[in-house]
Structure formats: C-alpha cells, structure tokens
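Colleague: Right, I'll just put the structure down here and ask away after.
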Amino acid sequence: MASAVFHQAIGTLLSHQHLHNSGFHQEFGNVSVKSISKGFKVDAVLSISRKGGYSAGKRNFSVVQASASQTSVVDPVSTSSNDSTNGIQKKSSEAALILIRHGESLWNEKNLFTGCVDVPLTKKGVEEAIEAGKRISNIPVDMIYTSSLIRAQMTAMLAMTQHRRRKVPIIMHNESEQARAWSQIFSEDTMRQSIPVITAWQLNERMYGELQGLNKQETADRFGKEKVHEWRRSYDIPPPNGESLEMCAERAVAYFKDQIEHQLCSGKHVMIAAHGNSLRSIIMYLDKLTSQEVISLELSTGIPMLYIFKEGKFIRRGSPAGPTEAGVYAYTRRLAQYRQKLDEMRH
C-alpha cells in the first residue's frame, strides 16, 4: 500500500534502478528512495551556421519573454489525478519543464560577485519569486530540483506557495542517517499532497574564485573592463581560481541528463530553480546553442521559462504571462482542463 501511494506521490522516482545506486536516500513510511545528492528578450532572429558544439546544421534562434502560441503540453488531468491501475500512475507522452533563475539576492543588490557564496533573497527577490509562482500556478509540477544554495531554494519554495494545486514542497534530506530517519513522513494522505524537492550542488552557480565578494564596478576599475568582461562572459576562460561557463556546463548538463531528463521521459513535470550560469548551461543543451550563442544569453531574476518535452525533444515556450491572462491556457486544451480540475478540488 505504501509503495502504491508513494508512486502516486512522486511517480517514477522508484522505477529507475540506477537511482538506487546513487548518493541520496529518503524514507516515506516504509518506502525507501534513493537519488543523487552530489525577462529576457531578444527581438532579432539570428541565422546561425553551426560547426561543433552541441549540434550541427542551420537553424533560426530567437528568445522570447512570453508566448501565447498554441501547442500541446501534457495531459495534466490524468497525471495529477488519482486515476491509476494497481497504484501505478498513468504516464504522459509529454511533460512540462519549468526553469527559474532565483530572485534578486542581497549580493545582487550590492553589485557583488556571488558565485557559490550562500546569501538569501532581498525583499524584491522574495516578490520576484512569488510573482514567478503566479505565472506557473496552473502548470503541473511533480518534482522540484534546486541548487544547494539558499537563494534558489527560497525561490522554489516561495513560488510553490502560489500554485493552485496547493501541494507542499518538501526538501529531501540526506545529511546523515539521523536526518533521513527524522524527516520521515508517516501519513499516506500527506505524501500524496507533497512534492519532493531534491537539492544538488551540480546546479549551483559557477564558482567565481577570487572574485567572490568583490564589488563588480571596483573590480572593473582595478583589472580593466575588458578583462572582467572576459571573466564574466567568455565561455572557456575562468576567473582566477574559479570556474568558466564551460566548466559549469559540464557538471550542470551532466546532472540534468543523468538525473532529471529521465523524469521528463516518464511523464513527470519538473521545475528547476537555480542560477544564471547553471541555467544558461542547461538551456544551451535544450536549445542546442553554440558556445558563442550562450555567452550572449541573459536570464532575468525570477522569470520562469517553460519548455515542453515531447517525443525526446524540448520545445521552448517562453515565459507564461500570468494566471489571469488567456495565454496561459492557450498551450493546450488539456491545460484548461487541468485548471478546471484544480477549481473543482478547491470547492
């Protein structure tokens, strides 16, 4: 019984055997789970010839901030309902992937290089996270991945306070055997109303080395604007004793492919709350960008980006405009049905 309920709570997290051999372990009652623990807008359309990188061939690329285009998303009613056979949840052929860069942090506000220093959100950052939650409040979320840094975790948690499904995000703890034992959940009903949040250092911001804690303007005055721009925006040149974007991409994309992509393949709807450079790296993989394209990609704090995973491909849908606008429901008729289902659950 516990196993069946757990499958309803977090779907196929148990169905992938390789998860049982990794570093994360969490218990829900008698069920044991393992997993690894280790507004931007571009109006111009660029015609790009690719040689090397993540793909080959020619394509048109444009980044949009919001979209009301018609496309299919998921079957959110069936994937979020209790309809199942022998406790096994129905799988969808499509899944939603939401990416959110954390809201403004205290060091963003002070114009300091932050990197892997663990600082919280500002008041504005809290408001950005809440607004992001409103934009995605009608999009299904089954699992959440964040970095190990508090600003990303705050963003994910605050965003989910706005979700109309009212499921509770719960961070999975793996610090010690005691942490795992003390964080067990013994109510099957509570498990059904929970969303697992998995934290991973691989999704952290890139480590800025000796720049961390320095004022960006003062650093430019000291070392020169060109040198600092090279450290910040080049693909393969790291700051002193820090990571380049290429190095960040190696860990972030590997984690996405190894731990997250198979969740999407199984029909689970995933949200990732992370950082500018780790998300740029993932978007580079999703959109098959070259190293030259990705260095010009800018992500605004607190602006969610929606992708649809269908038939092994990622389709970028931009940023949902907000729950009060018809464009949110234009993605698919089924999403409108999901909204209706949520309304029924709340009454």
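Residue positions begin at 1 at the first shown residue.
For all residues, glycine too, the Cβ spot is worked out from N, Cα and C.
According to TrEMBL, the feature active site, tele-phosphohistidine intermediate maps to H102. Per TrEMBL, active site, proton donor/acceptor is recorded for E205. The substrate binding site annotation in TrEMBL covers 101-108, 114-115, R151, 205-208, K216, 232-233, 276-277. Marked as site 'Transition state stabilizer' by TrEMBL: H275.
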Colleague: How long is the line from the C-alpha of E205 (active site, proton donor/acceptor) to the C-alpha of G276 (substrate binding site), rounded to the nearest angstrom?
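Modeller: Given the Cα positions, E205 (active site, proton donor/acceptor) is 7 Å from G276 (substrate binding site).
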Colleague: For R101 (substrate binding site) and H275 (site 'Transition state stabilizer'), what Cα-Cα distance in Å is obtained after rounding to a whole number?
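Modeller: That comes out at 5 Å between the alpha carbons.
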Colleague: What is the separation, in Å, between the Cα atoms of G115 (substrate binding site) and H275 (site 'Transition state stabilizer')?
Modeller: 9
Colleague: Enumerate same-chain residues with a sequence separation of six or more from H102 (active site, tele-phosphohistidine intermediate) and a Cβ-Cβ distance below 8 A; give 'none' if the list is empty.
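Modeller: Counting only residues 6 or more apart in sequence, the Cβ neighbours of H102 (active site, tele-phosphohistidine intermediate) under 8 Å are L121, G125, A129, L149, R151, A152, M154, T155, A273, A274, H275, T301, G302.
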Colleague: On a simple 10 Å Cβ count over all chains shown, which one of the recorded positions E104, E205 is most densely packed?
Modeller: E205
Colleague: Test of understanding: give the count of other CB atoms lying within 10 angstroms of the CB of R206 (substrate binding site).
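Modeller: Other Cβ atoms within 10 Å of R206 (substrate binding site): 25.
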Colleague: Please work out the number of neighbouring Cβ atoms within 10 Å of the Cβ of G276 (substrate binding site), leaving out its own Cβ.
Modeller: 20
Colleague: Relative to the Cβ of K216 (substrate binding site), which residues of the same chain, six or more apart in sequence, are found under 8 Å away?
Modeller: N111, L112, F113, V228
